[in-house]
Amino acid sequence: MEFIIAESTEDMSRRAADRIASFVEADPSCVLGLATGTTPIGLYACLVDDCAQGKISFADVTTFNLDEYRGLDPEHDQSYRYFMKKHLFDHVDIDQARTHVPEGSNPDAEAVCAAYEQAIEEAGGIDLQLLGLGPNGHIGFNEPEDTFPKATHCVDLTESTIQANSRLFDRVEDVPRQAYTMGIGTIMAARSVLVVVEGSHKAEIVKKAFFGPVTPEVPASILQFHPDATVIVDPAAGALCK
Ligand code: F6R
């Protein structure tokens, strides 16, 4: 695992965007795993700029997002499909038919999850998976548990995640209680993994996840065993790891 403390939050975003851009440059038809959340917004803005300047093209890229709320339509402004369109897909030359987000509007969890795993397999697997880190160590919506969930599945969100996400909804009651998420096995099967983390509120969990014991109680800790994982944090998130 490579652990990098960037010079600033902007530097974290630029470095992460450069990693993604060099993947796409090396293999224009690569398969990217993408994340939502506050942290990747800056790096998506960098990729949008790179694309506008003709430095990078997503024309042949395929993408799979980590997760989606169960029960939200893709048009809902808090759905992860909406987020991806707003921050990336609508501003680059990607073929939207090649972008995949679990089908949140379909309540048939078994069908949605099996179809997602199958689609990833048919695409040849994920070349580079981008991840953020939840305040409780979650990746995707894989929350602290007794075991590492393997494949894409439906999860009950923890109270802390519901509270953390409620800032984006009008009322906490509006936050969906379930989500579809890639499993830890799905994430670990990606050929490369790139994690971005920002903010002093993540400093403690960064230390635990990447320098503490590997345990399903801190789901991201499994990434210490990934053969090609890079973690880029801003100075505040890396403050306890110097
Ligand atoms: C998003 C996701 C989540 C976030 C994590 C960090 O698709 O799967 O695991 O990456 O909750 O979110 P932010 O960046 O908002 O702190």
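In case you wondered, yes, glycine gets a Cβ from its N, Cα and C as well.
Values in this document were obtained by computation on a predicted structure and should not be read as measured data.
If you look up TrEMBL, you'll see 9-224 marked as domain 'Glucosamine/galactosamine-6-phosphate isomerase'.
The active site, proton acceptor annotation in TrEMBL covers Asp67 (among others). According to DSSP, Asp67 (active site, proton acceptor) sits within a strand segment.
If you look up TrEMBL, you'll see Asn136 (among others) marked as active site, for ring-opening step. Counting only same-chain residues six or more apart in sequence, the Cβ atoms lying under 8 angstroms from the Cβ of Asn136 (active site, for ring-opening step) belong to Glu143, Pro144, Thr158, Ser160, Thr161, Ile205.
The active site, proton acceptor annotation in TrEMBL covers His138 (among others). Secondary structure at His138 (active site, proton acceptor), taken from DSSP and collapsed to helix, strand or coil, is coil. For His138 (active site, proton acceptor), the Cβ neighbour count at a 10 Å cut-off comes to 27, with all displayed protein chains included.
If you look up TrEMBL, you'll see Glu143 (among others) marked as active site, for ring-opening step.
Residues from the active-site residues list (Asp67, Asn136, Glu143) with a C-beta closer than 6 Å to any atom of ligand 1: Asp67.
Within 10 Å of the C-beta of Asp67 (active site, proton acceptor) we count 24 further C-beta atoms, all protein chains included.
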